[in-house]
């Protein structure tokens, strides 16, 4: 008889929910403010926190950009969390967001160390028609789950600071706008996540199952004028808003301003996402392409106290053996 | 496009700041635009200026009129509406003494605003681009027909007249405490009746419209207007009569 392999992981005692990493992605900004208010009201009522509840920090990641309703002040905060950026030299004037990423790393990390928070959930909006996506940036970790294959050293986003982390990305929503349906979906998503953490901490066994995961393969830029670098075509109307609908070779990709259709010239059918994200024009990305695969998630539950102590003893002896 | 109508693309260099280096960039630019296309109110001013805008609001194709007695513009807008039918193109009239603002196009004798949405800021959607191209094509066709001597008989044009600006509910510090209600979001130009849901607080409560009669809201949830204290504007429907026009 086959015994299902259950992965046992430590309790999640510290969770961070971050909004306003991009200052004009407003669902997360307003949600973090609202949740901060609710936390304060709970504390006033002196409600007793039960053990399975993690301590939850609500963080406004980029306050200056939020105040100006801009994506960033000097540079994209969500690209400032590589090891090199976090540990680089402190001399000379740093862009505001580089200073901020180090502050956040001190508060929620340090990245890669045992003092880091257990889970970071970073809230984002997109102008692309992606619905609700969970995006994770670690090797082999599955997360409409989108996965960027990056090592812990190379991962550049805020959510990579925690021991576990992901971004919750919801669209379509214009930047600088809060849409009630998108805000409500994000609020429900965060609540489900926190509920899950409580269930996990209290010993629930989550059965293994398989899920579809989209792994980013490449980006495609807009066609541009050679001299000026101005774009010469828009996303084709047949592709616009069709995130996660399979794009096949020869399918329409762009439409020039004179009405000509430019087609997808790749050999492999792939899944497009982040189609026409406003913030990505300056990054040279009209859309991203992913491969879809079925990934088996093992069953998991929280470590018992015995298992945790055994794990601690094991790690200690591994260190002694110089492993 | 419109055959032999000739027009030039005017790209002017940045101003050399005769108005003073300490003026905001856009004020310097306004003075430059007034020099090139105005001066506003003078006989040398351009006949027509088309001002192309996008909005995050679900306004579709909208033409913006600044004066209810501009018969030339009314005739043009009537022509454009008929030309794109059955597709919709509505006319927004902003003649409100307090809410009217001095647009760049107002340096011309006949200012025309083209407002097409919904489109996020910083994004180019091919369908929105195409809609704007079609509107402008018909507008230029009208001018060509007028210049060739065509006479346009009197007509009636339905317009939506701006009544008032409605701000988001805010707390004592000026922070927004509610969002456009899901029932109102994207419902530009649809009737809003007293008692209808208008805003939804961040913890889920509904705030209702308390006006005395039915209004037609537009510019609902335009990103640029959060800082101008505007969640939407209310409008009333009106039929304006345009006199016959023809070239003299």
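Glycine too: its Cβ is placed from the backbone N, Cα and C atoms.
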| request: Among A:124, A:147, indicate the single residue that TrEMBL lists for the Zn(2+) site containing A:22, A:25. | output: A:124
| note | Counting other C-beta atoms within 10 angstroms, the emptiest spot among the recorded positions A:25, A:169 is A:169
| request: Could you measure between residue A:22 (Zn(2+) binding site) and residue A:169 (active site, proton donor/acceptor) for me? Cα positions, answer in whole angstrom. | output: 12
| remark: Quick note, residue A:25 (Zn(2+) binding site) and residue A:169 (active site, proton donor/acceptor): C-alpha atoms separated, nearest Å, by 10
| request: Give the residue counts of the domain 'AstE/AspA barrel-sandwich hybrid' (A:210-292) per reduced DSSP state, in the order helix, strand, coil. | output: 3 helix, 35 strand, 45 coil
| task | Going by DSSP, give the three-state secondary structure for residue A:25 (Zn(2+) binding site). | result | coil
